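Annotated in TrEMBL:
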TRANSMEM  B:12-32  transmembrane segment
TRANSMEM  B:58-79  transmembrane segment
TRANSMEM  B:91-113  transmembrane segment
TRANSMEM  B:133-157  transmembrane segment
TRANSMEM  B:185-209  transmembrane segment
TRANSMEM  B:265-285  transmembrane segment
Amino acid sequence: MTTLLNVKDLRAYYGQVQALHGLSFSLNEGSLTTLLGANGAGKTTTLRAICNMVRSTGGIEFDGKPLNNRSTENIVRFGIAHVPQGRGTFTTMTVEENLQLGAITRKDSAGIVSDIERMYAHFPVLKQRHTQQAGTLSGGEQQMLAVARALMLRPRLMLLDEPSFGLAPLVVRDLFGILGKINREDKVSILVVEQNAQLALELADQAYVIETGRIVMSGNAKDIANNEEIRKSYLGY
Amino acid sequence: MELFTNQVLAGIATGAIYACMALAVVMIYQAIDHLNFAQGEMAMFSTFISWQLMQWGIPYWAAFILTLALSFIAGIAIERILFKPLAKAPVLTNVAGFIALFAIINSSAGLIWDFTIKQYPTPFGSAPFLGSQLISTHQAGMIGVTVLLLLGLYFFFQYTRIGLAMRAAASVPESARLVGINTSWMIALGWGMATAIGSIAGMLIAPVVFLEPNMMGGVLIYGFAAAVLGGLTSPFGAVVGGFLVGIFENLAGTYIPGVGNELKLPIALALIISVLVVKPAGLFGRHIVKRV
């Protein structure tokens, strides 16, 4: 299996405050990897550092190419789609415009049109609301829209920051089901950050546990889920 | 009745200019959250450039197009050189930047072309429009050019990918970067377009107010009034506000005793203040619907 994303000794800073303390992990092509940890452990910062949205040092390689010192908008062009915390919806624009924006770096207009239809097939509720202002969608619908917007890039890697946040449990099940399907059928590698460890471990194949800016545990998602000690001490369930 | 119609039509004609200025102000406000106090001076300078081109023997419409292009480039240059470095600076630093820009442009125009008032040509002539005494051909031309411009802008922002990208960059910059939009250049592009729109306003109003370095002072205040009236967050509101202010100004000058030409400007300022008191977001200022 080839390594798609390789992060080495990543340190990140918010002003003078260091948030990541030499974090290393990798993600295989085609895998669905999850990054677990408590509030403030550095999960979001890790994703933001990959997209150069926070000052960081260390090595980040995507498909063998270094991502350091590239601007956020350039990193997107490598095929990395980031669904940020809070979903990043363009609230004043329509649902369809949000999808078009996801594909704004692509040149193949025919492909974009057919991909929008594909998204409507994945998420029928978006089709019903395609002319509606995106800010009027419910939280769950906005999360669907955010995932669909990310997929419009035809990404090789999708970064998801707390997709379950603020959603009803049933909606979360739905969403995670779709993520699994996207990973298997569309061959999109996924790195998902979650506080809902139980659910994330069911979905993922690989898992890393972060504590105060360092990786403290890694391995097969099933093994971690079955290890009571890890579950109790790090994941809290 | 004829006086009333006449005043409304004349109001629409000058309102078209206010609408352009308001739109230029709103475009920059949307992009960087600051009011461009120098918008009028930039428009004035562009108008001088077009005048200079015509002095050199270039025909009106060629000079018009050339001025648009030059203004667009100059707008981008001003953003890159002066305001991009100020992007993260406090509000007052930006205000100082705008005032500096105002003073620099105003003085340079005076230095290059001096402060004497100059005639500025109109391509439309000033005969009665379609034989009617109500409106002149130049006023009709002002309205016509503005309407064409507004339609063009509407299609640009609604139906082109770059227009979509510009709207996205103005509304949620972080998400815009995450879909691969170079937000910094979108801001520069906004400056270029706003400057070009301002230059159109300047070239259309110059035959009415005559060409001199302070020609846009009053016009910009009406433009601000229009932008505040319509809502600084709404380009559509700015345009409607422009026409309303133009009509209001003329009717007040005609019908309110004692107002006349001298007191028209304070009326615009009074309008700004009343709108801010009663409806701070303006008539069309967007109340953003958001569910969390």
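Including glycine, each Cβ sits where the backbone N, Cα and C put it.
Here the structure is a predicted model, which means the values were calculated and not measured.
Within the same chain, the transmembrane segment (B:185-209) stays apart from the transmembrane segment (B:91-113): fewer than three Cβ pairs sit under 8 Å, each pair at least 6 residues apart.
Just going by CB pairs under 8 A, the stretch in B:12-32, B:58-79, B:91-113 that sits most against the transmembrane segment (B:133-157) is B:12-32.
Within its own chain, the transmembrane segment (B:91-113) is flanked in space by residues 32, 34-38, 41-42, 44-45, 48, 51-52, 78, 82-83, 213-214, which lie at least six positions past its ends and keep a Cβ under 8 Å from the stretch.
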